[in-house]
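The block underneath contains the structure these notes are about, expressed in structure tokens.
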Amino acid sequence: MSAQDKLIKAQHLIDMNDIIREGNPTLRAVAKEVEFPLSDDDIILGEKMMQFLKHSQDPVMGEKLGLRAGVGLAAPQIDVSKRIIAVLVPNPEDSEGNPPKEAYSMEEVLYNPKIVSHSVQDAALADGEGCLSVDRVVEGYVVRHARVTVEYYDKHNEKHRIKLKGYNAIVVQHEIDHINGVLFYDRINAKNPFEAKEGMLILN
């Protein structure tokens, strides 16, 4: 039984045991493109990946399943070397603690996503990045593009082109790196981890 066959079983909920960690060769491989029209198996896998992210962000389900909260997941992280990523970025509460009008600023499963253009300006998160596949803290600015245009297909086999900036752009670039065999710390300057080149945007 393949990893995907196990993951898409009706009763299976993806948990931390399904997520492979650094050192596993799948994380360093360039993942294969999915074929269209999408197979039921690939559609279900995408739905299971999104379900994991929702569970991970839910305090009750997250604790019950022992999950680390995540905003993105790539198929290679669950040992499936395919170009599928799921992104779930919640909107924050307002200054008075009221819930946002829209729960998520991005909620999408992207098949065969690719960056087709990007800004000259770089950006990095002030607090650095983490990863569900990396069980240690690696400090430093993860240098990425401040703005990207991404093409992808959805589960209905429809093609989309979206422009992203800020945190959403960072998250999508992190996940696209996974399908290209790249981990976030590859983008940290080893000699000077907190080097901020002129014009680089630091996102809080």
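Residue numbering: from 1, along the chain as shown.
Backbone N, Cα and C atoms are what each Cβ position is placed from, and that goes for glycine too.
The Fe cation binding site feature in Swiss-Prot is assigned to Cys131, His174, His178. Other Cβ atoms within 10 Å of the Cβ of His178 (Fe cation binding site), summed over all protein chains shown, number 24. Secondary structure at His178 (Fe cation binding site), as computed by DSSP, is helix.
Using a 10 Å radius centred on the Cβ of Glu175 (active site) and all shown protein chains, the other Cβ atoms total 22. Residues or ranges marked as active site in Swiss-Prot (evidence: sequence analysis): Glu175.
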How many Å lie between the Cα of Glu175 (active site) and the Cα of Cys131 (Fe cation binding site)?
10
